[in-house]
């Protein structure tokens, strides 16, 4: 049918699977566990500094290892996702997450800091198998009416893990003077984490499937009907990088999420500067940012499924992130801690709520390319900008104060808002669903059993 403008016939019945909610919730759970292990050191930085006898900078690098590991490992993992599919990636991600948690249990003596570094590096590698999965799971398992909500739920788990990482370690590991008692409290946290991670890995082995028996949407049916030999991973990346709208989104996503990473990393320093000896409340402010962001992410997903207004919603949320950052910047030093809680909550609602918007907008702009590849490129951009912003803002705060450091982030959020306005709403996945909604189906044939599927034309014209 190439060139005649008609929708291709899809030899499959479009039907959603009841297993889809179990799959996305299971993914969200082991993503939560991995995110918890990222922040468990940073939330009680001073405790681990004293226990291992290392510098605060060394403990900071336990968290920074997540960012550094992602950049070089994205492409091989994205290639593996496209070649081997969701199940293998889920197995590797959950297995490495559990392995890293058990390795940390071998580091319960002050002289064994190198062992805890090894465990954290294993967990950081597991993260590479997790971050790019939400939009891919949503597309493969969910209908066009549910896909954005499903993506938000998948992202929700990661954010909840960060929130629990701020909340639980200070409770389980009190700052006691006796090293033996401190090791005992740390062991409780490590044992609980390893137990949960192992249970989730077992559930992935039993429950997690490659894909449902039938495609959940017309867009997914078209992708599944494409002959395997037509797909080239290298060509897919090149097509993404030639897609001007996606490149703009990749930059703007990196700017927004990089600002969030920098703000989260330096939050304790900024709060303590204006409110001395309020370390506990600094952690609670971080918790407030993450929890409000989770609400924003879920609401964003529900809104997108109802309206399909990807460009408009993304732009509004981006602008509100800028407004929230400006308000936070100029109220931080007023001397009222409750004001900081309110402004930080509003900022987190929009800034963190932007995360699933970016994933889903990218999936729309780049269909029928792999969602794992597009999400991975977004995350690489976020890691690069996150490292650059954290180092730069930290230096600005040291030399010019917290207001100058926050204004630095405001400038890049303004730049990102302007760039977002220039992204064209080329919703290719929605177009594929609409153009094929009346396509005849063969209800008795499972897609994976068909050996005579037709060669299809991409509805977007590529």
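One is the number of the first residue shown, and numbering goes on along the chain from there.
Cβ from N, Cα, C; glycine included.
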The residue range that TrEMBL labels transmembrane segment, out of 337-357, 442-462, is 337-357
Among 21-39, 40-58, TrEMBL lists transmembrane segment at 21-39
Item checked: Interface check, the transmembrane segment (153-172) with the transmembrane segment (377-397), three or more C-beta pairs under 8 A -> no
Ranking 21-39, 59-81, 315-331, 403-423 by Cβ pairs under 8 Å to the transmembrane segment (246-264) puts first 403-423
